[in-house]
Amino acid sequence: MGKTKNTSLDAVVTDFILLGLSHPPNLRSLLFLVFFIIYILTQLGNLLILLTMWADPKLCARPMYILLGVLSFLDMWLSSVTVPLLILDFTPSIKAIPFGGCVAQLYFFHFLGSTQCFLYTLMAYDRYLAICQPLRYPVLMNGRLCTVLVAGAWVAGSMHGSIQATLTFRLPYCGPNQVDYFICDIPAVLRLACADTTVNELVTFVDVGVVAASCFMLILLSYANIVNAILKIRTTDGRRRAFSTCGSHLIVVTVYYVPCIFIYLRAGSKDPLDGAAAVFYTVVTPLLNPLIYTLRNQEVKSALKRITAG
């Protein structure tokens with residue numbers, strides 16, 4: 001059990017113990033190696049995309065690739081907030097995290113995660129303008145406007161993370177301190193609160209639901225218009241290139257949003273599949289982003305070849 005501090009009112013939790021993901025003991029070493037390799041590949045893959053964007057003047061001046069570079073930066077940080085603790089889950093050591101560390105992790109997890117939600121929406125809007133309004137695209141979406149929109153996404157994400165962290169840790173925690181999860185996240189932490197959590201669960205449902213649902217609906221609306229525009233393209237090659245560009249984004253969005261909706265719109269429930277679902281958008285998605293966008297994007301591949309060729 002973690003440390004507690006006696007007060008005149010009750011015992012106050014000063015740290016939490018992360019129980020991690022359920023796994024067979026005989027697979028501990030293998031899982032440690034797998035997640036460690038995934039983490040290293042995630043960092044290297046996203047760093048490679050960032051360096052490619054910065055090294056190629058043609059790419060770093062275009063909104064589509066500015067957004068892709070920001071996504072890679074977010075993926076690196078989101079992965080660093082969650083995966084190292086998940087890796088420790090497969091070691092014999094006790095996975096204790098200080099109370100303040102738990103607060104910080106929950107804040108950054110939701111800050112970065114919600115910022116990523118907003119960024120996916122901006123990426124869909126950018127593709128909508130590029131395909132549906134090609135002649136007006138340079139006016140409607142330029143580097144300066146893209147920078148302002150990205151800054152707005154960061155501010156909105158920070159506000160979302162602050163709201164969730166404040167609401168979660170304003171509650172008293174005076175009893176059990178074992179978090180049945182691999183990170184400090186809202187549903188798992190709320191189960192340990194020494195107070196009624198109905199209001200928190202409702203706010204989580206509404207707040208996360210509004211952010212996720214509104215972003216997802218805007219993305220679907222953008223792609224409905226995009227598909228309609230693509231079907232009007234007369235050349236087969238033109239349709240193929242447009243679908244290829246948009247297909248990468250749709251794959252990433254699906255892998256990210258479906259697990260989020262599964263977990264946070266059921267905040268009061270306890271499902272053993274929650275941990276597996278969370279692995280998708282905390283571990284798998286940051287790894288897939290550089291692979292999908294690199295392998296399916298001819299311009300990125302060409303830029304990589306130019307850089308590696310010197």
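Each Cβ is built from the backbone N, Cα and C atoms, and glycine gets one as well.
The membrane topology recorded in Swiss-Prot places PRO25 on the side opposite to ALA303. Among the disulfide-bonded residues CYS102, CYS194, the residue whose Cβ has the fewest other Cβ atoms within 10 Å is CYS194.
Contact between the transmembrane segment (243-263) and the transmembrane segment (59-80) is absent: fewer than three CB pairs lie under 8 Å, with pairs separated by 6 or more positions in sequence.
The transmembrane segment (59-80) makes contact with the transmembrane segment (145-165): 3 or more of their CB pairs lie within 8 A, with pairs spaced 6 or more apart in sequence. Each of 30-50, 145-165, 203-222 was scored by its Cβ pairs under 8 Å to the transmembrane segment (275-295), and the highest score goes to 30-50. In this structure, CYS194 (disulfide bond) belongs to neither helix nor strand by DSSP; it is coil. Per-residue confidence over the topological domain 'Cytoplasmic' (223-242) averages out at a pLDDT of 78. Within the chain carrying the topological domain 'Extracellular' (81-104), a Cβ under 8 angstroms from the stretch's Cβ atoms is held by residues 2, 13-21, 23, 28-29, 31-32, 35-36, 38-39, 42, 112, 165, 169, 173, 179, 182-184, 189, 279, 282-283, all 6 or more beyond its ends.
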